Amino acid sequence: MVEANTVPRKKWWKIQWYSDDDTPEERKFIIKLDMIVVPYAVLSYWVKYLDQANLNNAYVGGMKEELGFKGNELVELQTMYTVGAVVGMVPFMFVFTYVPMYWTIPAMDILWGLFTLLQYRGKTFGEMAAYRFMVGFFEAAFFPAMHYVFGSWYRGHEIARRGGIFYTGLNLGTLTAGLIAAGATRRLEGVHGMAGWRWMYIICAVITIPVGILGYFLLPGTVEQPNTWILNEHDIKVAKARLERGGHVTRGKFRLGHVKSILLSPQFWTVVLVDVLFWNAGIHKSTGSFLLWIKSLGRYTSAEVNELGTVAPALGILYNLVACFLSDLVLGPAWAITFASLWNVTGLIILVVWDAPEGAKWFAFATMYWSNALSSVLHGWVNTILRDSPEQRSFTLVMITIIAQSSTAWTPLLTFPTVESPRYPKGFSFCLGCALALIVATHVLNVYIKRKEAAKQVQLESGSDDGSLEHTSQADPDAGKKVDATVTPAVHTS
């Protein structure tokens, strides 16, 4: 039996990049794919978070004073970004299986870069809110789109490591935004009559737009809609063969008829619950709480605040790689998520107590990027669970992100009002509760998947050909093109 998320391999401490069943030809193809997909994924995620995180850096770098913000304008601008991201994601759940990804992702990148540029001229709260909405709108589907691409080329046990490297782009983007803001404040303040934070938006856009253009030439698309600029017919043939050997289906278009069967699935709603808790367990990092706490100490300049704020995302790069490699090579997804969440819980307990030495608070804020470290583990797990249905995979990756991210459109307004910074008594307590609930929900999902896979195996052994995961063949004209059931995938659970 060939498993989708784990294959026979050497001992885990003998870390190997390939699976033992990969042929020399397949390994050559994997190298080519890794050299194309992973670097571009990191680069594009870097500029995405560069343009998402720069609002917090602008706020502590002079925007608050120049635009006369006195209340909760920061959290309201963050919310406008989130609303744009939720609204923008809706059409993309239909786009994924129709429009080639090497067109979709670069187009989004270029457009959010243009609206990042326009923020340099913002003069009122309303104008900035409109720009943030549009940045969110065009950044909306980037994350599920990239994970859809990963799931289109890699087998289940290969995704978390690549996704983990991809996710370092988030930390690099947040880190770089702080350094650019610090440099702009120091060196460009007053140049051509503009504040340093305005120059920061110009610099970010100049970086972003060329990355989008590059995507048209570097993104491989998907197996069904490949970018023949960089992949030849032989590459695609090798990719299809190894995916089908692992139980992955490479064909399938999303139809409205799939919606009912997906929404009636307990599996779907359990994944939604896990994703909602994941998003909300980490909102303390996106609200700018760390930067606002550093500023409240009253002994650092604006440039120094932005520089010190890069410590947490820099550590997040290490956290992310540790969690993802542990998932693929040692623990499996459920226990890797638990491991990362426990570190997040530790830091949040200190922030909830608050009456602690300053060093303890530095430690607590330094742990907050553990909340992000489990992201690629979770989304790689979803890719694996739905490996035999491209249309369900595209819908689920987008839909869980819509639901989870839409929850963060209003929870920060209630729990992280800017006027309560840096203490945020409601906010840190809320994140702590979500982090603890996430651990429980993850293991509920894990047990559900184990039982589902066991039942599926019994069906296959008894000669049944109905072994798909929540897949309704009547609604799927491509259902008959599934791989032979003699290659039986089983999800790696913890």
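If you go along the chain as it appears here, the first residue is 1 and each next one adds 1.
Placed from the backbone N, Cα and C atoms, the Cβ positions cover glycine too.
In TrEMBL, annotation is done automatically, which means it is predicted and not curated.
Residues or ranges marked as region 'Disordered' by TrEMBL: 460-494.
Look at TrEMBL and you will find 74-95 (among others) tagged as transmembrane segment. Outside the transmembrane segment (74-95), and at least 6 residues removed from its termini, the chain residues within Cβ reach (under 8 Å) are 52, 55-56, 59, 64, 104, 125, 128-130, 132-141, 144-145, 254, 286-288, 394-395, 398-399, 401-402, 405-406, 408-410, 412-413, 416-418.
Residues or ranges marked as transmembrane segment by TrEMBL: 130-150 (among others). Cβ atoms under 8 Å from those of the transmembrane segment (130-150) belong to residues 37, 41, 44-45, 48, 51-52, 55, 77-78, 80-89, 92, 95-96, 101, 104-105, 108-109, 111-112, 115-116, 118-119, 122, 159, 162-163, 166, 219-222, 376, 379-380, 382-383, 393-394, 397-398, 401 of the same chain, restricted to positions at least 6 beyond its ends.
The transmembrane segment feature in TrEMBL is assigned to 165-185 (among others). Panel annotation: around the transmembrane segment (165-185), residues 38, 41-54, 56-58, 61-62, 146, 150, 196-197, 199-200, 203-204, 302-304, 306-307, 309-310, 313-314, 316-317, 320-321, 324, 369, 372-373, 375-376 of the same chain, lying at least six beyond its termini, place a Cβ under 8 Å from a Cβ of the stretch.
If you look up TrEMBL, you'll see 197-219 (among others) marked as transmembrane segment.
Taken from TrEMBL, the feature transmembrane segment covers 308-327 (among others).
Taken from TrEMBL, the feature transmembrane segment applies to 334-354 (among others).
Outside the transmembrane segment (360-382), and at least 6 residues removed from its termini, the chain residues within Cβ reach (under 8 Å) are 143-144, 147, 150-151, 156, 159-160, 163-164, 166-167, 170-171, 271, 274-275, 278, 281-282, 284-285, 289-290, 293, 311-313, 315-316, 319-320, 322-324, 327, 333, 336-337, 340-341, 343-344, 346-348, 350-351, 354, 393, 396-397, 400, 431, 435. Annotation comment: TrEMBL describes 360-382 (among others) as transmembrane segment.
Feature annotation from TrEMBL assigns transmembrane segment to 394-415 (among others).
Residues or ranges marked as transmembrane segment by TrEMBL: 427-449 (among others).
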Contact check, the transmembrane segment (308-327) vs the transmembrane segment (197-219), 3+ Cβ pairs under 8 Å, seq sep 6+: no
